[in-house]
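Encoded as structure tokens, the structure appears first; notes follow it.
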Amino acid sequence: MASLSSLVLLLAALILSPQVLANYENPPVYKPPTEKPPVYKPPVEKPPVYKPPVENPPIYKPPVEKPPVYKPPVEKPPVYKPPVEKPPVYKPPVEKPPVYKPPVEKPPVYKPPVEKPPVYKPPVEKPPVYKPPVEKPPVYKPPVEKPPVYKPPVEKPPVYKPPVEKPPVYKPPVEKPPVYKPPVEKPPVYKPPVEKPPIYKPPVEKPPVYKPPYGKPPYPKYPPTDDTHF
């Protein structure tokens with residue numbers, strides 16, 4: 001019996017080994033569970049079989065604590081609802097007829113003038129109230145230091161000054177008295193005559209040089225000045 005059971009276990013291990021062990025060449029493909037529609041089976045009425053009551057001793061089963069299954073919250077994408085534009089409803093203007101209100105004429109009420117007699121009010125003389133002089137302690141005010149204000153340098157544009165033409169100043173001619181120089185009598189120096197041989201110079205013919213006629217300028221350098229204002 002033991003050998004038969006061991007043989008059966010070996011055969012089952014050999015048959016189930018490719019299904020139980022991991023196959024790295026052909027990994028298992030996940031197939032989602034298929035839900036088959038329930039097949040209606042009519043109830044089969046079997047005759048009641050008498051089974052004597054079997055009294056089994058009570059078996060203690062500890063309570064099975066299942067870990068809580070985490071279900072992530074399902075986030076539904078927001079559904080876009082386009083704004084509904086209602087067409088404007090035309091409401092005709094309601095014209096109320098004008099209500100006529102007749103003018104109310106009130107009769108004039110005569111009010112006689114009220115003459116009040118003059119009331120004499122004697123002058124009230126108040127005694128002088130003495131107010132002692134109030135001496136306030138001096139309030140210390142710290143000196144206020146103002147930060148220096150930056151003033152950028154002011155660049156003045158150059159002022160054009162036209163050239164000033166001064167009129168010529170008349171200077172009268174200075175007449176110096178003549179200085180008398182007595183004649184200097186030098187003794188005659190005798191120079192013997194030097195006889196130079198005559199040097200022949202061929203006549204040089206110069207071309208005529210054109211000289212334009214020289215005339216004075218039509219106006220003087222300075223305008224004539226009147227000597228009477230000096």
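Backbone N, Cα and C define each Cβ position, glycine as well.
Feature list (source: Swiss-Prot):
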type	residues	note
COMPBIAS	78-223	compositional bias 'Pro residues'
REGION	27-226	region '40 X 5 AA approximate tandem repeats of P-P-[VTIY]-[EYGP]-[KN]'
REGION	78-230	region 'Disordered'
REPEAT	37-41	repeat '3'
REPEAT	42-46	repeat '4'
REPEAT	52-56	repeat '6'
REPEAT	72-76	repeat '10'
REPEAT	107-111	repeat '17'
REPEAT	132-136	repeat '22'
REPEAT	142-146	repeat '24'
REPEAT	172-176	repeat '30'
REPEAT	182-186	repeat '32'
REPEAT	187-191	repeat '33'
REPEAT	192-196	repeat '34'
REPEAT	197-201	repeat '35'
SIGNAL	1-22	signal peptide
Secondary structure composition of the repeat '4' (42-46) [DSSP: H/G/I, E/B, coil]:
0 helix, 0 strand, 5 coil
Do any residues, 6 or more residues outside the repeat '10' (72-76), come within under 8 Å Cβ-to-Cβ of it, and if so which ones?
none
In the compositional bias 'Pro residues' (78-223), how many residues does DSSP put in helix, strand and coil?
0 helix, 0 strand, 146 coil
Please average pLDDT over the repeat '3' (37-41) for the predicted structure.
85
